[in-house]
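Novice: Let me begin by handing over the structure; questions about it come next.
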Amino acid sequence: VISQAMLTSNVKRDVIRCSTGKFLVLLMIGGLAYLMLAQRNHVPSVSNGVANGTSNKEGESTLFGGGTRLRNLWRRAPRLPPRLTPDEKATLINSIHDVGNVHVVLKWKERQESVKKAFIHAWSGYKNYAMGYDELMPLSQRGTDGLGGLGATIVDALDTAIIMGADEVVSEAGSWIEAHLSEKISHKGQVNLFETTIRVLGGLLSAYHLSGGEQEMNLTRKGPKPVVYLQTAKVLADCLLSAFTSSPTSIPFSDVVLRDCSAHPAPDGLSSTSEVSTLQLEFNYLSNPKYSQEAMKVMEHLKTLPKVEGLVPIYISPHSGEFNGENIRLGSRGDSYYEYLLKVWLQQGARQDGNLTYLYNMYQEAMKGVRNLLVRKSIPNGLVFVGELPSGRRGAFSPKMDHLVCFLPGTLALGATKGLTKGKAMEENLLTFDDMENLKLAEDLAKTCFEMYSVTSTGLAPEIAYFHVEDYSERGLDGGNKSSEYVNDIIIKHADRHSLLRPETVESLFVLYRITEDPKYREWGWQIFEAFEKHTKVDSGGYTCLDDVTVIPPRTRDKMETFFLGETLKYLYLLFADNSVIPLNEFVFNTEAHPIPVKRAT
Ligand code: DMJ
């Protein structure tokens, strides 16, 4: 109507004169005005869309496309993505995150299952060819008694089986212990006090606790009643006590003959410092002063001895009660002295019992000593390592680090947060400057321990590594993996190229993962596990130690150490497990990875 009415000016005049026409013209003007206003208001809406990451092009054409302006008058308003409330947004983000998590959770669940399968494979070799012996010789398919003949693999493996829910193993190991162990304890010959305490006594006590002994239940529903483990532990501990009571000082003798419970010093008359100070978690758990007093006298005596910035020589005489020599190291014969200073304090519900603060102070002082006197960086790539002082503080520094030292990152991290996550400890303002330093050192050393694996052709660490520093280097002694960034930093001597399937690195990866929650520690652990699978698995059952980790195929040694089941596979399983399994603020692991509960506040 309007367009036709506009055709001639006569018509235009007539239209304006008549009232219907006036109404129509007003309607037309109003309509045009509405359309123009509406179009203007759309512009910011489109910009919103752009800001929200939707339609940039559309926004530009609306703002800058002058030729299309009229066309735009008739086009639909752009459709913006639905606006979400903050709550809806959070739900969406979480659901996306959860889908990611499901994959991650499944991945680690599967890997954990692989470790359990490895454990069952190790056990089946032992059961088929060596049941009742201390260790399996997987290649010659027989057993050997390297630890006095108490079936050490059985007791060392039992709590790992309980934690993994490997019911058949629990049943077989438990039944053997019930039927044979007490009898063996009363008949066998000489055993080492330390090895028997950490593996057999520690294994029995942990099995007792984990299977519900304290609640007078049998949580595993397999094997004997848990009290059998405790009774057997007491029979053993009663005999081992003679190592303390026969000594003229509070430093125990190193060996005990089980059949008559007589105690003897080592042939050279000396005990290892780590051995005499790594008995207390186990004897304390028996919660009878006749055991704990003897064990704790050692620590009280060690407190009084002179030290080098908290560091101690690796030998001590039970005859004089004094340290012997000046050799200071955190590897063999020194290692778990430092570990138990912290863990015995933690076991006693550290915060509540002021009587044991001296242990924590000794630990803190020693860690400062480690930082001042033993920590260096390799060249060219700056790996942080812990060396040795074979002739004390006035002698030369040796850039030698045993694989055994790789327990230290875990202990340092545990000491810093007392088993809490780093996040929680920081949130609650619990970390001192020393704690932060120790945590940093823990992370640096864990990396070095991992690189001791990845620098070799097999991906497995040697027993001992040397580090290239300014005044020490040797050519032609690398680990064989030329693509490793650290092939020139780490020196592996021919005599040190064996692997005993030791646990210390995976132990530290487990503790560091729990504390820092950094997934790289799990990935490193998985790489190490895969290398064990590839190079040490024996088809007929069991895993074997290697003679040389730097060549492929590696030369083998015919032995499966008890700690491969007691520690290495347990720590790998826990590394891939949920954090609530054996929480670090409720348990301390003895040095053979047997979890012992921390005393609760009364
Ligand atoms: C274990 O028997 C214990 O961890 C001990 O403290 C050191 N050595 C072995 C494992 O390497």
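Positions of Cβ are set from backbone N, Cα and C atoms, glycine also.
Just so you know, TrEMBL annotations are computer predictions that nobody has curated.
From TrEMBL, here are the annotated features:
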ACT_SITE  Glu195  active site, proton donor
ACT_SITE  Asp335  active site
ACT_SITE  Glu463  active site
ACT_SITE  Glu504  active site
BINDING   Thr591  Ca(2+) binding site
DISULFID  Cys406-Cys449  disulfide bond
TRANSMEM  21-38  transmembrane segment
Novice: I'd like to verify something. Among the recorded positions Glu195, Cys406, Cys449, Glu463, Thr591, which ones have a C-beta closer than 6 angstroms to some atom of ligand 1?
Specialist: Thr591
Novice: Counting across all protein chains shown, how many other Cβ atoms sit within 10 Å of the Cβ of Glu504 (active site)?
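Specialist: So the number of other Cβ atoms within 10 Å of Glu504 (active site) is 25.
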Novice: Which of the active-site residues Asp335, Glu463, Glu504 has its Cα closest in space to the Cα of Cys449 (disulfide bond)?
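Specialist: Spatially nearest to Cys449 (disulfide bond) by Cα position is Glu504.
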Novice: Looking only at C-alpha atoms, tell me how far Glu504 (active site) is from Cys406 (disulfide bond), rounded to the nearest Å.
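Specialist: Approximately 5 Å lies between the Cα of Glu504 (active site) and that of Cys406 (disulfide bond).
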Novice: Using only C-alpha positions, which one of Asp335, Cys406, Glu463, Thr591 is spatially nearest Glu195 (active site, proton donor)? These are the recorded positions in the record.
Specialist: Thr591
Novice: Check the Cα distances from Glu463 (active site) to each of the recorded positions Asp335, Cys406, Thr591 and keep only the ones within 10 Å.
Specialist: none
Novice: Round to the nearest Å and give the CA-to-CA distance linking Thr591 (Ca(2+) binding site) with Asp335 (active site).
Specialist: 10
Novice: Measuring Cα to Cα, tell me the gap between Asp335 (active site) and Cys406 (disulfide bond) in whole angstrom.
Specialist: 9
Novice: Sequence gap of 6 or more, C-beta under 8 Å: which same-chain residues meet both conditions with respect to Cys406 (disulfide bond)?
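Specialist: Looking at Cβ-Cβ distances below 8 Å from Cys406 (disulfide bond), excluding near sequence neighbours, one finds Leu445, Ala446, Cys449, Met452, Ala461, Glu504, Thr505, Glu507, Ser508.
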Novice: Helix, strand or coil by DSSP: which one applies to Glu463 (active site)?
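Specialist: In the DSSP reduction, Glu463 (active site) maps to coil.
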Novice: What number of additional C-beta atoms lies within 10 angstroms of the C-beta atom of Cys449 (disulfide bond)?
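Specialist: Its Cβ has 29 other Cβ atoms within 10 Å.
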